Amino acid sequence: MINRTSDRLLELDVFRGLAALGVVFFHYTSQYSTLFQHSPEVKYYFGMGRHGVEVFFLLSGFVILITLERTKSCWDFIIKRFARLYPAYWVAIALTFIIVAIAKLPGQQVSLWEALGNLTMLQEFFGIPHVDPVYWTLKVEICFYIIMLVIFQLRLLKHVEAVMTGWLVLALFYSLKTYLARWGVDGIFSPGVEETTSLFLNFPVLDYNVIQMGMTEGTGSIQGIRDLFREVLIIKYAHLFVAGLILYRIKQYGFSLRRGLILLVCILAQRVAYSWETSWETTVYVAVFIGLLYLAIQGYLSFINLKPLIFLGTVSYTIYLIHQNLGYVIIRQFYQYNINPNLSIIFAICVSITLATLITFWVEQPANEWIRKKYKEYQSKAAKIA
């Protein structure tokens, strides 16, 4: 077990690593079977692994204030986020694009221009397909950063809980309206307004052809703007970010009835947040995740701070970026040679972790340090000139 040497919650790294591994298992078992069909030799499917995404969003909400508390300006935040996210992401795009193109992975190939569009991390807003389907969450994260940056710029951090509560209420209203629309009772909130079918069925990617059409076809423009508004304000996932942020405030200032009620609303909001999934399953998982994070900040889970799990958390971002299509290619190749698919899954996981480790320590961390160093040098020169 690792001893604490700082205020850093090592449990967060463990949660992040386990969540990433869960997503990998989900893609290599359940999702692979959906897209390409596994043989009967694969006996176990890890469907619950898809809920690792909820963990990512909770953790992002938790750590965002830590980042902003150390931020002096808008550009500080932007440069630090860029340095942290983009270098590894660009390498992952290049590797995935080349591997998928060579292997001709069905349904996952994109053009060179589409791959270049992915470099922005905002490709979904322009209707550009992802080089790897997992990239959809990055747009959600970017939108969250923008929201928090606006709050920071408006000097509202001291009122952040009130702002988050307002965001949660807004998100809950839209989510509940969409949820009821699925059952044909949306007139309770907004008579006569039709929800786009893609909002329900094409998770996680909104059909931007609908938006583009809406922006140019008379009355449809209102619906297009509404859809874009919901995407920018990440209405479907706001409750997860809010829950994470409130948990951090509990760590800072202690538990209160108000914060407890906000967490309860966040949990219940999950029930209607995704109109494509109306079971209580995800709600229960989110409640468990929030409970575990609460136990972690109270110091009850320090026993999970094991070196292998912390290491997994360290490379979790690059594992997430690179694993999906790469793993599909490996598993499909093993099928062609009649190798047991269970072995191919294990091998694909090992390859993903190995590549993720190389990218983390040879690209992500060095690039992060270099960009930050250059930014500090620029600030020093600018200060001298001023």
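The backbone N, Cα and C atoms fix where each Cβ goes, and this holds for glycine too.
Lifted from TrEMBL, the feature list:
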- 11-360: domain 'Acyltransferase 3' (DOMAIN)
- 12-28: transmembrane segment (TRANSMEM)
- 48-68: transmembrane segment (TRANSMEM)
- 88-107: transmembrane segment (TRANSMEM)
- 134-152: transmembrane segment (TRANSMEM)
- 159-176: transmembrane segment (TRANSMEM)
- 228-248: transmembrane segment (TRANSMEM)
- 260-276: transmembrane segment (TRANSMEM)
- 282-303: transmembrane segment (TRANSMEM)
- 310-331: transmembrane segment (TRANSMEM)
- 343-363: transmembrane segment (TRANSMEM)
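The transmembrane segment (159-176) makes no contact with the transmembrane segment (343-363), as judged by fewer than three Cβ pairs under 8 Å among residues 6 or more apart in sequence. When each of 88-107, 260-276, 310-331, 343-363 is checked for Cβ pairs under 8 Å to the transmembrane segment (228-248), 260-276 comes out on top. Residues 23, 27, 53, 56-57, 60-61, 64, 68, 71, 74, 77-78, 81, 85, 89, 118, 121-125, 160, 163, 167, 204-205, 231-234, 237, 241, 320-321, 323-324 of the same chain, all 6+ positions outside the transmembrane segment (134-152), place their C-beta atoms under 8 angstroms from a C-beta of that stretch. Residues 1, 4, 9-12, 15, 48, 51, 54-55, 58-59, 62, 240, 243-244, 247-248, 250-251, 263, 266-268, 270-271, 274 of the same chain sit 6 or more residues outside the transmembrane segment (282-303) yet have a Cβ under 8 Å from a Cβ within it. Sequence-distant contacts of the transmembrane segment (12-28), counting only residues of its own chain at least 6 positions beyond either end whose CB sits under 8 Å from a CB of the stretch, comprise 46-53, 55-56, 59, 62-63, 134, 292-293, 296, 304-306, 309-317, 319-320, 323-324, 327-328, 331, 345, 348-349, 352.
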